[in-house]
Amino acid sequence: MKELDLSMAQFSAFGSFLNLGGAVGALFSGQLAVILGRRRTLWACDLFCIFGWLSIAFAKNVLWLDLGRISLGIGVGLTSYVVPVYIAEITPKHVRGAFSASTLLLQNSGISLIYFFGTVINWRVLAVIGALPCFIPVIGIYFIPESPRWLAKIGSVKEVENSLHRLRGKDADVSDEAAEIQVMTKMLEEDSKSSFCDMFQKKYRRTLVVGIGLMLIQQLSGASGITYYSNAIFRKAGFSERLGSMIFGVFVIPKALVGLILVDRWGRRPLLLASAVGMSIGSLLIGVSFTLQEMNLFPEFIPVFVFINILVYFGFFAIGIGGLPWIIMSEIFPINIKVSAGSIVALTSWTTGWFVSYGFNFMFEWSAQGTFYIFAMVGGLSLLFIWMLVPETKGQSLEELQASLTGTT
């Protein structure tokens, strides 16, 4: 804000443009993943991210800053769809959750790096650091196999087994798995011609509601706004911004490890329920803290209490609602509606995230406690939604899971 003389509105817009770009990327992610394949779509993600980070790093005015943020958002929007889909399609069912959750651990490691060093390093240097990891997959993607389920969809029967052999080992017997993938893909293709309207059929209604509902919960719980503007919360509470950012940076890695360890042990549903309860309590207690601050009660305890509850909020966010909606989205949609339904679900996430991240600063200025009471209410409603509608997906192959949800036999 200081270097480029940004107003609060411009600063909020810059923060929210990641979500706006993410919405654009999400809109085309499914179609690109089908036309180009999972691997080449991942490669395109990297190009958008590299351009975005470098544009931010060398920005001379707000135009290049915003352009870089939007480009970065497009890359992340594409990644948010194709990465969980690719991982779900290549991993065995008994470790699918852990493999999917491992991406969240790596994301949190990146967040940790930025939060930890962001207190002492110039923002332009941070942008260059953000670009560096993007260069690795540009080359590495050429050495990984294509998704066997995408190969089955385009009719490359021989390539399905070749891909599975590269994934399971040269001497592994992949004939049963290959046959299951091909039979289920063919059945779904015959049952539906994969038009956009297919996902609104009665048999897909529950999966669509679950996918969209989980993304709304993930964003309306306030995580984007709190993550982007955590320093503003620390400042309002009277807690050291530098100390808060550094502790938060260290904290995000172990909290992601917990989710990685538990996702295939406890299952998706229990983690989502625990996550909703913890986030709701954390938000409620932050709201209470700011209420007490306004009443000038316990001023010496308020800064630490707010900070501790922000850690509580993000700890519970990380083990469930932070990443599991993307994992579940990649599991529940059959191959014939995965493009249209996955794109709609991802678009929901990013557009709602844009609304929250843009509006957070204005809401926080309006009422700090009111903002967190709203997030607590969302957490309570999400608990009911998860309890009533979200299925358990642990320990089932994608074909078994999708058949049970849609009534296909």
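Just so you know, glycine gets a Cβ as well, placed from its N, Cα and C.
Caution: TrEMBL annotation is automatic and unverified by curators.
As given in TrEMBL:
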- 1-394: domain 'Major facilitator superfamily (MFS) profile' (DOMAIN)
- 12-36: transmembrane segment (TRANSMEM)
- 43-64: transmembrane segment (TRANSMEM)
- 70-87: transmembrane segment (TRANSMEM)
- 99-117: transmembrane segment (TRANSMEM)
- 123-144: transmembrane segment (TRANSMEM)
- 208-231: transmembrane segment (TRANSMEM)
- 243-263: transmembrane segment (TRANSMEM)
- 270-292: transmembrane segment (TRANSMEM)
- 304-327: transmembrane segment (TRANSMEM)
- 339-360: transmembrane segment (TRANSMEM)
- 372-390: transmembrane segment (TRANSMEM)
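Sequence-distant contacts of the transmembrane segment (372-390) (same chain, at least 6 residues past either end, Cβ-Cβ under 8 Å): 206, 209-210, 213-214, 217, 220-222, 268-269, 272-273, 276-277, 279-281, 283-284, 286-287, 290, 321, 328, 363. Within the chain carrying the transmembrane segment (339-360), a Cβ under 8 angstroms from the stretch's Cβ atoms is held by residues 12-13, 15-20, 22-23, 25-31, 33-34, 73, 77, 80-81, 85, 194, 196, 198-199, 204, 207-208, 211-212, 215-216, 218-220, 222, 224-226, 228-229, 325, 329-330, 333, 371, all 6 or more beyond its ends. Counting C-beta pairs under 8 angstroms (sequence separation of 6 or more), the transmembrane segment (123-144) fails to reach the transmembrane segment (70-87), with fewer than 3 such pairs. In the predicted structure, the domain 'Major facilitator superfamily (MFS) profile' (1-394) carries a mean pLDDT of 87.
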